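First the structure, in the form of structure tokens, and then the observations on it.
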Amino acid sequence: MNLHEYQGKQLFKEYGLPVSEGYAADTAQGAVEAADRIGGEEWVVKCQVHAGGRGKAGGVKLVKNKDDIRAFAENWLGKNLVTFQTDENGQPVSKILVESCTDIANELYLGAVVDRTTRRVVFMASTEGGVEIETVAEETPEKILKAEIDPIVGPQPYQAREMAFALGLSGVQIKQFTQIFLGLAKMFEELDVALIEINPLVIKTDGNLHCLDAKVGIDGNALYRQPKLKDMQDPSQEDAREAHAAQWELNYVALDGNVGCMVNGAGLAMGTMDIVNLHGGKPANFLDVGGGATKERVAEAFKIILSDDNVKAVLVNIFGGIVRCDMIAEGIIGAVKEVGVEVPVVVRLEGTNAELGREVLANSGLDIIAAESLTDAAQKVVAAAEGK
């Protein structure tokens, strides 16, 4: 789950990190009032969306009067911002962040992520701030510094100091960098963070370090123990189908193909997508209904798949271990009747009560295509999607 910049900076402030004074507003008048609270003669206004590249798309602007703040807010609120990280539809802008200006002498990068290979949190820093870190990693990987956090002893000040020296910091800057490093590490652990980026972490003209941006991603699997963070979720920034699926505890990821897939188990779901590809099809989604799927969840999963207009056929691939195939069959029948399915549906059932499940489907009177094997299912659904 991603947070907006203003939300990330609120958390930074709670953990003692230096951030600009700023307030988020959802109206043009609110944006002007935010500037009044901040004071001064110059401000930065930023569209709040879950995507990078806002500046190049016109979503970040330096303004010198409140009329420009009002005009910026009126122009963007309620519209979609399209950047190189969004699709052609962009992301809806429902809030504008108004901040005080910062005089910048230099830009750095500081981030932290879970390295699944080493199974540790890894901090990364670079002198190439304000640039996409992926670009730096590809073109000049030697400019990225790394520090692994030992889960037993935790983050150590010496790791921050080594990084600070390598970044060319000196004097009080090293102490400030160490405080930021340790604050981020504490926040990462306590809030179940999956990703943090400060890009750029700037050196101001007065020599002090300052967090000019905040990108924070929370581990969605840990939200049950982070109620405060769960309340920060902005469903408008997510794929509508994915957000709907999450409410039903369904693991759904939208793709760009035309074969809808409903499977129980993440591994089987990926294998199903692979075999659909192998036979010339393109999956429209990843959808894992889970081992404890109920009839209601299966019906809801069907609705979510069919809400994608690109879907020309649906493949249901169920291995009955914990879940019973006859229950899945009843869910399929219920969904087909309720939604009014107009595309071919191919079903492959194996495992617990598979024979009973196939019997339930056969006696339903619905035009459902039965498959004897996974290969057979893939061939049939690809052919059906092509109208053969």
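Numbers run from 1 along the shown chain.
Note: Cβ is positioned from N, Cα and C throughout, glycine not excepted.
Per Swiss-Prot, these features apply:
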BINDING   Lys46, Gly53, Arg54, Gly55, Glu99, Thr102, Glu107  ATP binding site
BINDING   Asn199, Asp213  Mg(2+) binding site
BINDING   Asn264, Gly321, Ile322, Val323  substrate binding site
DOMAIN    9-244  domain 'ATP-grasp'
Most Cβ neighbours inside 10 Å, all chains, among the binding-site residues Lys46, Arg54: Lys46
Other CB atoms within 10 A, centred on Glu107 (ATP binding site): 17
Among Ile322, Val323, the one of these binding-site residues whose Cβ has the fewest neighbouring Cβ atoms within 10 Å: Ile322
Inter-residue Cα distance where the pair is Gly321 (substrate binding site) and Glu107 (ATP binding site), in Å: 54
Gly53 (ATP binding site) and Val323 (substrate binding site), distance between Cα atoms, whole Å: 44
Neighbour-count leader, CB within 10 A, binding-site residues: Gly53, Gly321: Gly53
Alpha-carbon spacing, Asn199 (Mg(2+) binding site) to Gly53 (ATP binding site), which is rounded to whole Å: 12
CB contacts for Asp213 (Mg(2+) binding site) [other CB atoms within 10 A, all chains]: 22
Glu99 (ATP binding site), number of other Cβ atoms within 10 Å: 22
Integer Cα-Cα distance in angstrom, Gly55 (ATP binding site) to Asp213 (Mg(2+) binding site): 12
For Asp213 (Mg(2+) binding site), the three-state class that DSSP assigns: coil
Three-state secondary structure, which DSSP defines for Lys46 (ATP binding site): strand
Around the Cβ of Asn264 (substrate binding site), the count of other Cβ atoms that are within 10 Å: 26
Which of Thr102, Asn199, the listed binding-site residues, has fewest other Cβ atoms within 10 Å: Thr102
Residue among binding-site residues Asp213, Asn264, Gly321, Ile322 with Cα closest to the Cα of Thr102 (ATP binding site): Asp213
